[in-house]
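Worksheet for the structure shown next.
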Amino acid sequence: MSATAVQARPSSTTSADPTPRRPKGRGLGLVAWLAGIVFFLPIAWMALTSFHSESDAATNPPSFAAPLTLDGYREFFGAGGGASPWPSLINSTVASLASTLLVLILALPAAYALSIRPVKKWTDVLFFFLSTKMLPVVAGLLPIYLFAKNTGMLDNIWLLVILYTSMNLPIAVWMMQSFLSEVPVAIIEAAQIDGAKLPTILTRVVAPIALPGIAATSLICFIFSWNELLFARVLTGVVAETAPVFLTGFITSQGLFLAKVCAASLVVSLPVLAAGFAAQDKLVQGLSLGAVK
Amino acid sequence: MTATTTAPVAAPSVHTQKRQPSGRMRAWATRAPLLPALIFMIAVTQLPFVATLVISFFDWNSLYPDARSFTGFGNYTEVLTDAALRKSVWTTILLTVGVVLTSLVLGLGLALLLDRKFRGRGLVRTLLIAPFLVVPVAAALLWKHVLYNPEYGLLNGLLHYVGGPQPDWISNTPLLAIEASLVWQWTPFMMLILLAGLQSRDHQQIEAARVDGASGWQIFRYLTLPHLRRYLELGALLGSIYIVQNFDAVFTITSGGLGTANLPYTVYQTFYQAHENGLASAAGVLVVIGSIIIATFALRVVSSLFREEVGRA
């Protein structure tokens, strides 16, 4: 888990090229392309349908070459007199950004205490964080709901910020622990000799070196917060509803509304798609809680 | 390479220096950065669960708050004897096992395909990851309305071209319909984990086996698969933990109807619509027990991978 484990990896993958040079290689490449297209097809179709008129979107057989229009997006953003999605999009942005920031503030010092200056029994602490991630949401949902109801915190976006922070903190601690262990200890020792205190060390020495890892961690926390439905569904109402809760308004059919549904799904998914592709290389490390690099 | 191998020799000595016996003040100073995160996690995740545990022993409907009374294990016997709840346990198992196994097999196939070099490999990888990056509710809406719609959904539209039948997917096979949408989202996850596993193989060993005349199948069966075993376990366990808890797809595609209500959905419905707090808590505790069983295995796998990393240093 120290510098060696991480640095030794790339050299072993680049030194020997695993690709067998056999004629069937080309055929399998084609199969891979086909699989990629099949998996992407629903998303491509969603994007195309979102630019069709409602009547063109609801034909059988499907009309691939129908004229393009922005009506689906206009409808989604409330042109037809429906509720505007903007408050929910803003709520989701606030909840995701604020909880990600809070996660970073809590996780960075914790990861420091678990990697650079490890406390005693640091692996036990690390596994405690992991075990909380395995506690299902329904385990605490009711008491949290009752607590929120009695303290007037229902329909309050900051309650979601706290809950999303607890949801993402274990992932962040695990990821950052593995990123921080790549920071050379000698640099930190030098800073300490120069009289730097912990906050200075974290912000001026550790953070710049671990920046790519911290960025990937933030993106993954952002994705999980943005996607969350169960807490938001139970704990928010008209004021603090998030984008996924807004989307649940499309569960029951409303006549011809496919273009609108596609536009809505695409708009709400865009931040996640962007964040996910930005964090692509570190995605698997985050999702496997740092177990796989 | 020489630069990297010299580094680890220096690192441990620095670490041991820091573990020298020090005063109580020093010990707290090292612990201090950890405490905010630790206290936060205990307060927000452990306390509510303790409260759930306590509530699960009470007969408590929030519509009749005065009639609250202690029932011991009454709620648990009611949960375990209630036909609908028992069915939801079974549904949860079917859903989780079906989705995890299918996406694991598909993910393995895709990972093997992507492990070889071909033109546009990066783009194909991106195309394959995309389903995982659609917001779960949006993905469920996409499958429910845009793909499954019996009159003008894409699936029946494509079937129309080949003169196939026009089934009503969700009504005919509700659970399979949910499973298919989840498999679509989770296959990329399995693929990413298994691809990381494939890329951490010892390629010199494989090269040596090939020189010795081992066939592609033999290399896969006796070298690749044993190496991938723990990555397969990790994918299965993490996938199980996420899918046991699935709420979004069940809520969106069938709203728990047509016999697809899984435990999280049932817990949600029991307290949010039926206001049976005690019953919901007992069911919640049962979900936790199920998760703990899976999690124990998951933690073991993660810790063995983790110890290997630490041991390598």
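The backbone N, Cα and C atoms fix where each Cβ goes, and this holds for glycine too.
Over in TrEMBL, the protein carries these features:
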COMPBIAS  B:1-12  compositional bias 'Low complexity'
REGION    B:1-24  region 'Disordered'
TRANSMEM  B:34-58  transmembrane segment
TRANSMEM  B:89-114  transmembrane segment
DOMAIN    B:89-298  domain 'ABC transmembrane type-1'
TRANSMEM  B:126-146  transmembrane segment
TRANSMEM  B:175-198  transmembrane segment
TRANSMEM  B:231-258  transmembrane segment
TRANSMEM  B:278-302  transmembrane segment
Surrounding residues of the transmembrane segment (B:278-302) on its own chain - C-beta under 8 Å, 6+ positions past either end:
49, 52-53, 55-61, 71, 74-76, 78-79, 85, 89, 92, 230, 233-234, 237-238, 240-241, 244-245, 263-264, 266-267, 270-271
Taking residues 6+ outside the transmembrane segment (B:231-258), which of them lie with a CB under 8 Å of any CB in it?
92, 95-96, 99-101, 103-104, 107-108, 136-137, 139-141, 143-144, 148, 170-171, 174-175, 177-178, 181-182, 186, 189-190, 193-194, 196-197, 264-266, 268-269, 287, 290-291, 294-295, 297-298, 301-302, 305
Looking only at residues six or more beyond either end of the transmembrane segment (B:89-114), which have a C-beta under 8 A from one in the stretch?
121, 124-125, 128, 175, 178-179, 182-183, 186-191, 193-195, 197-198, 220, 228, 232, 235-236, 239-240, 243-244, 246, 250, 259-264, 286, 290
Residues outside the transmembrane segment (B:175-198) whose C-beta sits under 8 Å from one of its C-beta atoms, at least 6 past its ends, are 91, 94-95, 98-100, 102-104, 106-108, 110-112, 114-115, 128-132, 134, 136, 139-140, 143-144, 148, 169, 224, 227-228, 230-232, 234-235, 238-239, 242-243, 246, 249-250, 253-254, 258-260
